[in-house]
Amino acid sequence: MPGPTQTLSPNGENNNDIIQDNNGTIIPFRKHTVRGERSYSWGMAVNVYSTSITQETMSRHDIIAWVNDIVSLNYTKVEQLCSGAAYCQFMDMLFPGCISLKKVKFQAKLEHEYIHNFKLLQASFKRMNVDKVIPVEKLVKGRFQDNLDFIQWFKKFYDANYDGKEYDPVEARQGQDAIPPPDPGEQIFNLPKKSHHANSPTAGAAKSSPAAKPGSTPSRPSSAKRASSSGSASRSDKDLETQVIQLNEQVHSLKLALEGVEKERDFYFGKLREIELLCQEHGQENDDLVQRLMDVLYASEEHEGHTEEPEAEEQAHEQQPPQQEEY
């Protein structure tokens with residue numbers, strides 16, 4: 001049943017039909033051709049499984065330019081895709097309504113914010129029956145190769161599902177500033193470098209000493225003054241060395257603490273991933289427990305907050321004493 005507008009895929013088949021229901025709402029159908037027959041599936045995405053490098057594979061610079069052009073971002077490196085925000089907007093572009101851009105953190109700077117965005121992306125993949133497994137644990141690290149592999153796959157997924165409709169990414173974000181995440185390669189613990197001459201104890205004395213008058217012979221400093229100045233310089237050098245040692249120890253302890261937290265996070269993330277795989281294996285059995293587990297895994301922070309509010313209101317309502325009637 002063809003609709004008023006159609007889009008042709010590269011093989012000549014119609015990729016989308018647009019029809020209207022009884023209420024006049026525009027509903028997209030996506031269809032596939034199997035053995036010469038046309039079959040319709042409601043809201044299904046076209047899955048892409050090929051990840052081999054071909055002539056159509058874009059370079060790192062071309063892929064970033066493509067991302068910035070399509071969704072109006074200002075990314076400069078592939079590693080900045082680790083925030084997941086760009087993928088969320090791509091899904092909203094390909095399948096309007098499958099994800100809420102209000103929940104996407106376009107200004108994400110921390111790893112837990114990246115994970116939040118990828119949880120939203122996972123939920124949209126599940127909603128559209130996308131079979132691709134998102135390697136969240138690798139992507140949020142901001143490593144180049146992991147993020148390049150995923151965006152290369154997503155480019156092919158985009159080409160297979162985009163129907164050519166117009167899309168305004170800035171308007172879709174509703175005014176949210178899409179600030180690129182910081183470069184993951186930057187060192188957090190780098191100390192600012194200062195000029196050795198500026199820190200020299202004799203630099204201030206050289207600037208403050210008045211210019212010698214012409215014709216006058218400058219007096220030589222006594223041995224006592226030279227000894228005192230050299231002693232103060234050695235003491236200041238020792239103080240600076242002690243301060244550097246203390247700062248290095250603090251940096252080392254912070255790095256150890258960070259490694260411990262990351263190991264603990266990876267451990268629990270692996271457990272959740274195993275639970276997710278088990279739920280996906282038994283998802284076709286229509287088990288209520290499996291469905292409830294999937295809802296918990298893919299629930300966003302805002303959704304969890306809303307589910308707790310009604311319970312709190314009910315408890316508050318039960319604790320209120322009954323009002324007395326006025327006579």
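From the backbone N, Cα and C atoms, a Cβ is placed for every residue, glycine too.
Copied over from Swiss-Prot, here are the features:
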REGION    1-21  region 'Disordered'
MOD_RES   Ser9  phosphoserine
DOMAIN    57-159  domain 'Calponin-homology (CH)'
MOD_RES   Tyr167  phosphotyrosine
REGION    171-240  region 'Disordered'
REGION    187-327  region 'DCTN1-binding'
COMPBIAS  200-234  compositional bias 'Low complexity'
MOD_RES   Ser219  phosphoserine
DOMAIN    236-306  domain 'EB1 C-terminal'
REGION    259-302  region 'APC-binding'
REGION    299-327  region 'Disordered'
COMPBIAS  300-317  compositional bias 'Basic and acidic residues'
COMPBIAS  318-327  compositional bias 'Low complexity'
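DSSP assigns Tyr167 (phosphotyrosine) to coil in the three-state reduction, placing it in neither a helix nor a strand. Helix, strand and coil counts from DSSP across the domain 'Calponin-homology (CH)' (57-159) read 68 helix, 0 strand, 35 coil.
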